[in-house]
Amino acid sequence: MREEKLSGMIEEKVKEATEVCAADERSEECRVAWDEVEEVSQAKADLRIKLNLLNQDPLESFCQENPETDECRVYED
């Protein structure tokens, strides 16, 4: 849901930036508008990373950091 909202915001910000930059691509307003697009895009990327980490098994991330522990050993039959 939040990801969809951020996608909508990105589309709006791109449209706004395109309109602002139509007159002068080198203006300060144009740079600010594209910075806003970048910030919202980064927020969406950060949200995706957080969601992936939340969906991950806690033992999996523990074992990535501590592969030598007993809990993380893999035994062959």
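Just so it is clear, glycine is given a Cβ too, placed from its N, Cα and C backbone atoms.
Taken from TrEMBL, the feature domain 'CP12' covers 6-77. Taken from TrEMBL, the feature disulfide bond applies to CYS21-CYS30, CYS63-CYS72.
A map of TrEMBL features onto the structure.
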| residue | record | DSSP (3 states) |
| --- | --- | --- |
| CYS21 | disulfide bond | helix |
| CYS30 | disulfide bond | helix |
| CYS63 | disulfide bond | helix |
| CYS72 | disulfide bond | helix |
Model confidence over the domain 'CP12' (6-77) (mean pLDDT, whole number): 90
DSSP residue counts for the domain 'CP12' (6-77), split into helix, strand and coil: 57 helix, 0 strand, 15 coil
Separation of alpha carbons, CYS30 (disulfide bond) and CYS63 (disulfide bond) (Å): 46
Distance [Cα-Cα, Å, rounded] between CYS30 (disulfide bond) and CYS72 (disulfide bond): 52
Chain-internal residues, separated by at least six, CB under 8 A from CYS21 (disulfide bond): SER27, CYS30, ALA33, TRP34
